[in-house]
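What follows is a single structure, written as structure tokens, with notes after it.
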Amino acid sequence: MAVQVVNSTTITEFLILGFPDLNDYKLPFFSIIIFMYCMTVCENLLIISLVSTSQRLRSPMYFFLGHLALSDVILVTIVVPKMLDVIIKEGSLISYVGCLSQFYLYGVTVTAECFLLMAMSYDRYLAICKPLHYISVMSVKFRYGLVISSWVFSFMLILISLVLVCGIHFCGMNVINHFFCDYATFLELSCSDTTLADIEMMILSFPIIIFPFLFIITTYVCIFITIFRIPSTSGRQKTFSTCSSHLVVVSIYYGSMLTIYLVPYRGHSMTINKFISLVYIVLTPLLNPVIYSLRNKEIRSSLIKYVKVCCNSVTSSIEIAR
């Protein structure tokens with residue numbers, strides 16, 4: 001697809017390059033991504049179904065896990081279908097409005113996930129460090145308040161970025177060297193002064209990325225101190241197992257995100273940045289249900305029971321049909 005050069009007053013679309021270095025391997029790469037996407041949606045919908053129907057999974061921890069699974073489904077659905085189109089066509093056009101919409105919805109979902117992970121760490125902190133206050137603090141009303149506020153603040157914070165992006169003037173090539181519309185890609189295409197946008201990005205990174213990350217670190221420092229005070233080894237292991245899954249997910253998610261948004265990059269490392277972006281956009285949502293299922297007895301038990309019920313229903317339907 002030819003590179004387009006447009007005037008800043010007539011730009012109506014962008015050309016997303018995707019992964020030009022992998023064009024010779026686009027079919028296997030396309031197959032891998034679509035398989036990961038389907039698995040991610042199925043796994044997370046299964047988690048949502050288990051949390052919604054199983055009596056064993058009524059605690060606040062699983063409530064937040066269900067909403068994290070929902071945000072994972074939304075995130076991959078915002079980015080991956082268009083990315084698949086980009087891969088198979090070796091580059092794909094997206095309208096100006098469509099690009100802005102993808103940028104906004106992507107930013108809202110990623111920010112909401114940061115807040116949800118923070119809420120989950122607070123839940124584990126209360127359960128381990130303040131067990132006597134856990135039930136009274138983590139009420140149903142408080143849980144819904146945390147989830148709703150996470151999404152509301154996300155919509156408000158990213159709206160600020162959207163307003164600034166709408167004020168950017170584009171000129172020259174309208175080519176996005178990425179697989180989706182990201183904030184940094186808009187700044188790279190701008191021919192106007194982006195100083196204000198750069199400052200705004202640094203300021204917004206504090207409530208969106210840095211503050212939740214520091215909050216999570218602080219809660220886990222308190223959790224580890226409490227765990228080390230437990231006299232028995234079995235007691236320490238049992239207590240740590242209740243938060244180990246969340247810790248693994250946070251490490252993968254924030255490790256890739258901090259690398260992308262807080263470590264400066266140049267053109268020669270753009271391919272690396274694309275694959276790091278794939279980690280928290282595609283790989284992390286795929287691994288989240290697996291990590292929680294493998295390390296959690298309640299989820300495994302509910303999953304086995306759920307499979308048995310489904311198998312019995314299928315068997316009964318077949319017998320009736322006969």
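Quick reminder: no glycine exception, Cβ is built from N, Cα and C everywhere.
For reference, TrEMBL has these:
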{"type": "TRANSMEM", "residues": "29-50", "note": "transmembrane segment"}
{"type": "DOMAIN", "residues": "43-292", "note": "domain 'G-protein coupled receptors family 1 profile'"}
{"type": "TRANSMEM", "residues": "62-83", "note": "transmembrane segment"}
{"type": "TRANSMEM", "residues": "103-123", "note": "transmembrane segment"}
{"type": "TRANSMEM", "residues": "144-170", "note": "transmembrane segment"}
{"type": "TRANSMEM", "residues": "202-228", "note": "transmembrane segment"}
{"type": "TRANSMEM", "residues": "240-263", "note": "transmembrane segment"}
{"type": "TRANSMEM", "residues": "275-294", "note": "transmembrane segment"}
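Residues of the same chain lying 6 or more positions beyond the ends of the transmembrane segment (29-50) and with a Cβ under 8 Å from any Cβ of it are 19, 22, 57, 65-66, 69-70, 72-73, 76-77, 80-81, 83-84, 87-88, 282-283, 285-286, 288-290, 292-293, 299, 302-303, 306. Sequence-remote contacts of a segment are chain residues at least 6 beyond its ends whose Cβ falls under 8 Å from one of its Cβ atoms, and for the transmembrane segment (202-228) they are 111, 114-115, 117-118, 121-122, 124-125, 128-129, 153, 157, 160-161, 236, 239-240, 243, 247, 250, 254, 257-258, 261-262. Taking the domain 'G-protein coupled receptors family 1 profile' (43-292) as a whole, pLDDT averages 87 in the prediction.
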